[in-house]
Every structure is written in C-alpha cells, then in structure tokens.
Amino acid sequence: MKPSGQEAPNLVDTPPNISNDSSASEKGEATSQQQSNNGYALTVDEVIEQHIGALGFAQIVHALLVSIAWTFDAQSTLISIFSDAKPAARLIETGAILEGSMLCGLSTGEWDWVGGKGDTIVSEWNLICRHKFLVALPSTLFFIGSLFGSGVYGYLADKWFGRKKTLFISCLLTFVTALAISFSPNIWVYAFLRFANGFFRSGIGSCCIVLATEVVGKKWRGQVGQYGFFFFTLGFLSLPLMGYLERKSWRNLYRITSLLPLGYAVFLLPFAYESPRWLLVKGRNKEAMVVLKKLARRNGKQLPAELSLVDPIEGRDDPTSSSSENFWRTKWAVKRIVMVMLAGFGTGFVYYGIQLNAENLNFNLYLTVAVNALMEFPAVFIGSFLLGVMNRRPLFSNSSYLAGICCLLCAVLSLHRVTRALPASKWLQLAVEAVGFMASSTAYDVLYVYGVELFPTNVRNFSVSLLRQSFMLGASAAPLLVALGRESAMMSFIVFGVASMLSGVVSLWLRETRDAPLYETLTQQGKAEELEKETEHS
C-alpha cells in the first residue's frame, strides 16, 4: 500500500492578510481557512491533506504501533477456546475414548481424562453432565464485562484521558486480571475474573482504531483501520501454537498471555501520538499543533509558521454552545447508533460464535482454530482492497449475507444422513465454515471502520465503544448457543446464519461514508448532512 504522491490542493487560494470576517462554510464544516492578521487557520483534515500528506511514513509507523495492541485483544477474547475446551476422556479398563454424555453414567473410578486434570477448566473442575452449562458462564461473563467496559472506556477516552492514556490503562489492567485468572481456585472465581478481564481489556480495540485513523487522510482511513485486524489475526493465530505448547496447563497459558500487554504498555506505547483531533476538541490547540508538526517532520515536510488550527467549537466558553452537546439529545445520532448497534449485535454474535463453535465441528480443534485464524488474513487484505474501491454499506451487507449462507450450508452438512452419504462432508464442512468465518471477519472489520466514520470527533470514541458493546453483547450470547451446539450442531449453525443475514439487512438504513470528511462536533456534522440531503432533493 502506497500513499498518493499528490497532495490535496488548497481549498481557498487567498492571501494570508485577508480579514477574519469570512463566513463559515454552509455545509456545517469548520471554516476551510480562517484568515487572521497573523496568518491563516485550517481544519485538521486540511492540514493532513495539504501539508502532512494523506498517508506517509509517520502515519504508517504510528498506525502500526498502536495497532499492535489488537494482538492482546484477540488473545484475551479467544483464549477460552483452549482453556475452556472439553478434553478427551477414556475408560480406564479398555482405554476406549468416551464422547458426549457417555461419562454421565459412569462412576469416577471407571474413567479419567486423557491429558490429565490440569488441561482445561473442564477437566480440573469436572464441568460435565449436570454441570456442563457452567462451561459457558466464564465466556458469557467475559463478553458482558466487555459490554460494560466499552461504555466506560469510550466515555473516558472522549471526555477525560484521551485515546492514548485510556489505551495504556486498558493494557495495564488487562495484564493484572489475566495474571489473576491463572490463580483461580474454582469456577466461580474464574468466571468473576473473566468478567473483570473482559471489562478492563475492552478499551483496547476502540482506542486503537480511533488513534490509527484520526491522523490519516480520508482516502486511507479504511485501509489503515484494517491494520488493527491484521494484528488481531496474529494474536488469534498465536493461540493454537501457545495452546498446543501449554496443553497440559491452562493456567500457564494465561500467565504467558498476560505478560504481553504489560510489555507493550511500558516499552512501545509511549512512542505513539495522542490524537490531534481530540486535543483540538478539548481546547489543547498547541499540543495538537505539536503532534501535527511531528507527523509532518517525519514525513519530510514542514508546516508553515503562520499556520494555526480552526477551533471546531464555536463559543467554547458559552455553556449553550456545541461544547456542551449531548449525544442522547441529538436525534440523528441516536437513530444512527441504534442501527449500528443492531448490526453490531448480529455481527459480534456470528463472528465470535463461529470461532467458539469450532469444537462442534467433526474436526481436530487445533487444526480448526488454525484454519479460522489463517482465514483472517485474506479477510483483512480483501477487506482493505474492497474498502478502497467499494462503498461501506454494500460491502458490509454482502459480507454478512455470505457468512449467513455459509452457516446455513454448515447446518446442512452436519446432518447425519449427509455425513453418511458424503464421505468428504467433514472436509467440505471445514471449507465452508472457513469461508463463512472469512466473510464474517470481513463484515466485522468493515463495520468497525464504518462506525469510526459515522460519528464526529467529540463522540467518536464513545460511539465506537457503543458499537463494541453491541459486538460484546452478541458475543456474550454465543457461548450459550455453542453449548447447545454440543447437542445439536445443526441448530447452532442455523441461528448463526439467520443472525448474520439480518445484520446485513439492518445496515441498509445507514448513510454511506466513503470519502466523506471526518467532522469534529455533532452540530457540525448534523448541519453538513442536512444540507447534503437538501442538495440531493433539489
């Protein structure tokens, strides 16, 4: 991926000594160039496009640096595939492998776990038979924790700490709770700590994608937003390897993964930049300009000495101004976030459900998870390419439809009559499931980028966090369906398929954002979109 060699032209070609009485753009955007006696002012978008470059070396390094944290997000989320899996059991007398509910009619002296009691939480705490549904409790609570944590972190990142500090806090607390999990004495403490881990790690994803995309030009937002999902894939792909190496101890698996976010927060994150858009919205104009100057310098450019930034909040000291905007009193924003969250619920339900449902395929668990993880790579690269040439809305909806169709095909291929009539059905089911997971992953990634572009800077992290909450709410329901799938794999795939297709339908009510500017405030964006509608109708 290479940035465009051309810089965006100046929007207004006027000398710097023009009076500052020029009116703001009717489109609701901040004035393109506010002139003053000492120089001229530009919006952050204009500074990036005209003077820094839409995508240069500095932005690529910054995006990669903040996106690394997605690795730990993936490991925290998906580690339960191995730590909470049901291992093989056997008859002590004959060595025969026992499956499903066959264990329930046997006394404890007639069978044992093949790998020993420390393999997973199921074998250590005997979560079988009448206790089997307790296996779903920790994962469900993890996603519920993520649900609540996303809202808290979104508020902190927008109103108080900014994106960078919030990311640091999230990584640090992810380390603490993941390490604590490894010392859990029973299923109840384990489930509570999984809830805490889900709560504290939920700030990683939303902060990463917002930090990465707020410093690039509008042409490259979609592609840069995909960097995080590449690292999420690396984290996902690392789990089968670590899970296999630590297959005798689920506790050691948690200890290893807990150290990574700590190292990142201490040694790498300090080199990332705070979002200049957030700094500007908070009135910290000088700090925002410092960040922009550093980006320009690392791109081999220099900002004009007379350049300043347009304050996106008019009458900042006036309590009735846009600085006191209320998200929930802005009708267009509320309607939009409801649609986004409905789409996010179905997408998160299917995306995480397919991964957790890997154990219900008639295949080796490590191989199935590795195949799913590998399918994330084409999803990221295909998604990056398509985001550059397709509109967001049809890309998301079509990906959701494809994932739904594949899930329904997996339901058909799981029927006993099909497996008996078609010897290769196991391989075919794995292939269809992998394609479905790739499509679901693409839909998940695209919706994240879409969510960033649908809302302005002063509520962007909060909005993305609400989207993440909907992902987690869907994900929290997935383990229960996976537990049901142990009895009926067909039913679980049917539900996943229908949910995915409904998510695609819901997105039809969202506006298109490809090549649209990133606005700074709710008022600014509302006026611009209102004028856009009037222009379309006229």
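FYI, residue positions are counted from 1 along the chain as it appears here.
Note that Cβ sites are derived from N, Cα and C of the backbone, with glycine treated the same way.
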Transmembrane segment per TrEMBL - which of 44-61, 224-241, 278-295:
224-241
State the residues, same chain only, that lie 6 or more residues beyond the ends of the transmembrane segment (462-484) and have a CB under 8 A from a CB inside it; answer 'none' if no residue qualifies.
77, 132-133, 135-136, 139-144, 146-148, 150-151, 153-155, 157-158, 198, 202-203, 205-206, 209-210, 327, 333, 337, 340-353, 356-357, 359-360, 444, 447-448, 451-452, 454-455, 491-492, 495-496, 499
Any chance you could find the range in 133-155, 224-241, 401-418, 430-450, 490-510 with the most Cβ pairs under 8 Å to the transmembrane segment (167-193)?
133-155
Among 133-155, 224-241, 401-418, 430-450, 490-510, which stretch has the most Cβ pairs under 8 Å to the transmembrane segment (337-354)?
490-510
In terms of Cβ proximity under 8 Å, which residues at least six beyond the ends of the transmembrane segment (430-450) contact it?
205, 209, 213, 221-222, 225-226, 228-229, 340, 343-344, 347-348, 350-351, 354-355, 361, 363, 368, 371-372, 375-376, 378-380, 382-383, 386-387, 392-393, 395-396, 399-400, 402-403, 405-407, 409-410, 413, 464, 467, 471, 500, 503-504, 507, 510, 513
Checking distant contacts: for the transmembrane segment (490-510), what same-chain residues at least six beyond its ends satisfy Cβ-Cβ under 8 A?
336, 339-340, 342-347, 349-350, 353-354, 357, 360, 393, 396-401, 403-408, 410-412, 414-415, 440, 443, 447, 450, 454, 474, 481-482, 484
Tertiary contacts of the transmembrane segment (401-418), as residues 6+ beyond its ends and Cβ separation under 8 Å:
350, 354, 425, 428-429, 432-433, 435-437, 439-440, 443, 489-491, 493-494, 496-501, 504
